[in-house]
Amino acid sequence: MDSQTQAEPKPEEVPSNETEEERKKKIDDWLPITGSRNAKWWYAAFHNVTAMVGAGVLSLPYAMSHLGWGPGTVILVLSWVITLYTLWQMVEMHEMIPGKRLDRYHELGQAAFGKKLGLYIVVPQQLICEVGVDIVYMVTGGKSLQKIYNLACGDCKNIKLTYFIMIFASPHFILAHCPNFNSISVVSLAAAVMSLSYSTIAWGAAADKGRQPGVSYASVASTPTGGVFNFLGALGEVAFAYAGHNVVLEIQATIPSSPERPSKVPMWRGVVVAYIVVALCYFPVALVGYYIFGNKVEDNIMLSLEKPVWLVIVANAFVVIHVIGSYQVLLIDNLFLTW
């Protein structure tokens, strides 16, 4: 077979005299995290909304029931401010090395701790976070599908949650073939819209339901030790709701940059818009949900809402669409890490 018909070598098949930087550039060109660097600030906005606003928002009233009005409100506000500040730090660090863009989280770790130690410190934690969240999204999507089924067909045969999780996983066999962030922009945009929609339905339907008779805001723990553990668990619920920083650099990598207009300018604008959406989703759901149901609220506020049936079905459908998009945003980053 002559040289004209031979297959192109894969990126790992490089000449021995090729430098490490050239090899890395060839790999990046072969498996880019973004198809092109032409995204606008609003791309950053909806990607960040999709990555951050997830199933955790629906558990915020439950977290409030263990934190109480005072500590719960303070923790919600502090979490919003602190995570916005730390996200700003990451946006600034994306191009902190002149002439180089830190497109991936582990590259930032390598710049801070060295090539090997940076990988050992960052990659395991990032994988645990993203794989763990994706598992939660699988279960959340399955539960929402099961809720839709039970409400739409109350007399139908009961189906195990396992099968609904499998149904939720089905579209990912197709979406997983999307190679980068550019290719899932439509999915991510739809997910961002859905997150604002089902959050609005959650607190709106709760407000329409009205404050429940005999509602109480007292701690449900029977012992001081139980109260402490409930409090710590609630802190975890809030922390989980504000997750999403692990793909910030990858999102910023889709934005063009020049000395006159670095990528941090449009990226920060997108982050600010995203955090306004986060506030519109989180605070009403947490405060209204807790006010209406008190310490009897379920760990997912959707489970506390039974009527109107059609609205609860729509809200759960929105949840399914959203977690499909969020799953893909995190999955794409997982592919780059494991590769």
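Glycine is no exception: its Cβ is also placed from the backbone N, Cα and C atoms.
According to TrEMBL, the feature domain 'Amino acid transporter transmembrane' maps to 38-330.
The region 'Disordered' annotation in TrEMBL covers 1-25.
Under the heading transmembrane segment, TrEMBL lists 41-63 (among others). For the transmembrane segment (41-63), same-chain residues at least 6 beyond its ends with a Cβ under 8 Å from one of its own Cβ atoms are 72, 76, 133, 136-137, 140, 181, 185, 188-189, 191-193, 195-196, 199, 202, 234-235, 237-238, 240-244, 246-248, 251-252, 254-255, 266-267, 269-271, 273-274, 277-278, 281-282, 285-286, 288-290, 293, 297-302, 304, 319, 322-323, 325-326, 329-330.
Residues 60, 63, 217, 231, 234-235, 238-239, 241-242, 245, 248, 268, 271, 275, 278-279, 282-283, 286-287, 290 of the same chain, all 6+ positions outside the transmembrane segment (69-88), place their C-beta atoms under 8 angstroms from a C-beta of that stretch. According to TrEMBL, the transmembrane segment annotation covers 69-88 (among others).
The annotation transmembrane segment is assigned in TrEMBL to 271-293 (among others). Tertiary proximity for the transmembrane segment (271-293) is limited to same-chain residues at least six positions away from its ends with a CB under 8 Å from its CB atoms, namely 41-42, 44-46, 48-49, 52-53, 57-58, 60-61, 63-65, 69, 72-73, 76, 80, 84, 87-88, 91, 192, 195-196, 199-200, 202-203, 206-207, 209-212, 215, 217, 241, 301, 304.
Here TrEMBL flags 309-332 (among others) as transmembrane segment. Through the fold, the transmembrane segment (309-332) approaches residues 33, 47, 50-51, 53-55, 58, 130, 133-134, 137-138, 140-141, 144-145, 147-148, 151-152, 168, 171-172, 175-176, 178, 180-181, 184, 187-188, 190-192, 194-195, 197-198, 201-202, 205, 246-247, 250, 302 of its own chain, all at least 6 residues removed from its boundaries and within a Cβ separation under 8 Å.
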